[in-house]
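J.: The structure under discussion is supplied below as structure tokens; questions concerning it will follow.
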Amino acid sequence: MDHKMSMYLFVSYLAIFTLFFKGFVSSFPSGYNNGYNNGHGHGLTSNLNYRFYDRSCPRLQTIVKSGVWRAFKDDSRIAASLLRLHFHDCFVNGCDGSILLNDSEDFKGEKNAQPNRNSVRGFEVIEDIKSDIESSCPLTVSCADIVALAAREAVVLTGGPFWPVPLGRRDSLTASEQAANTNLPSPFEALENITAKFVTLGLDLKDVVVLSGAHTIGFAQCFVIKHRLFNFKGSGQPDPNLAASSALLSKLKDTCPNVDSSDSKLAALDAASSVKFDNAYYVNLMNNIGLLDSDQTLMTDPTAAALVKSYSENPYLFSRDFAVSMVKMGNIGVMTGSDGVIRGKCGFPG
């Protein structure tokens, strides 16, 4: 390939990337501080900025990426865990790293709340990344920002979209087991209740549908789904929708036999591609084989069902909207400036 042709291809690729990036940025709400202007936006937006650590910790994103990659090589399921960790952090008093705090004399933390106990994981991965960052940039980067970046890297590693993460969050000094029990959606909840919890935090029904798509790489403990396998609505029979797919039902029953000892075993929410971030979750919902009650209930609302159909048919649309909703979620209740602290270790407030 001669020099002129190489330059032509380079310019063409650059133009395509520029058009894509402009389209991605324009997807954010009007007034959003996208890091290329000085506005602070409105609603969920804040004083976060994509370039917050460019001078104070220039290797930050490389360190986080390396830490997530090391963990992923040993355990591919950690990708889903890191993504869930960010969600569970943000939904309890904001994206402040509170989920990472151990219990203390002053408070009972979120780790042992009902939705998190023996379920949420990835704490050691975040702590290891924090240790590496402290070696380069002592007391500079918040644990809350590390969680947000790790969630993004987890999605990218499994084939999902990349999105710029606004940074500058500060860490909380406390955590609340009670708030976690109250604020986090349950897999058994009705769509109306789940949506109400999202709306309280400034999100909406579309965000419910989009962020539920994270279940494409998710897992559930067997006790959450066994009623659909063996005794749906007290019938003593499987859910007819799952029974219609005999191969899937058989596989799920093998994974989650009808004995108490299987309650803590794990079943993939997207069995066909459990380590690939794709739109198969929505295809499953269209086929009435979403495993969680809170998943399949999306099809009971016309607006939500229409979004599910769109995402099942258009993976690019899902990827774009997922990135936008993740940034929205990552702005919930953030502390910036002199509020909060920068923890030296993520499990301890001081």
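Keep in mind that glycine also has a Cβ here, set from the backbone N, Cα and C atoms.
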J.: Among Thr216, Thr300, Thr303, which residue shares the Ca(2+) 2 site with Asp270, Ser273, Asp278 according to Swiss-Prot?
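T.: Checking Thr216, Thr300, Thr303 against Swiss-Prot: the Ca(2+) 2 site match is Thr216.
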J.: Using the record from Swiss-Prot, pick out the residue from Cys90, Cys95, Cys137 that is joined to Cys57 by a disulfide.
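T.: Swiss-Prot annotates a disulfide bond between Cys57 and Cys137.
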J.: Regarding the disulphide bond with Cys346, report which of Cys90, Cys95, Cys143 Swiss-Prot records as its partner.
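T.: It is Cys143, per the disulfide annotation in Swiss-Prot.
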J.: Tell me the Cα distance separating Asp270 (Ca(2+) 2 binding site) from Cys256 (disulfide bond), rounded to the nearest angstrom.
T.: 15
J.: Taking the mean position of the Cβ atoms of Asp89, Val92, Gly94, Asp96, Ser98 as the Ca(2+) 1 site, which residues outside that list, in the same chain, have a Cβ no more than 8 Å away, listed in sequence order?
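T.: Filtered neighbour residues, in order: Cys90, Phe91, Asn93, Cys95, Gly97, Ile99, Glu110, Ala144, Ser172, Ala175, Gly333.
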J.: Mind giving me a neighbour count for Cys143 (disulfide bond)? Other Cβ atoms within 10 Å of its Cβ, every protein chain shown.
T.: 30
J.: Binding-site residues Asp96, Ser98, Pro185, Thr216, Asp278: which have a Cα within 10 Å of Cys143 (disulfide bond)?
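T.: Neighbours among binding-site residues, in sequence order: Asp96, Ser98.
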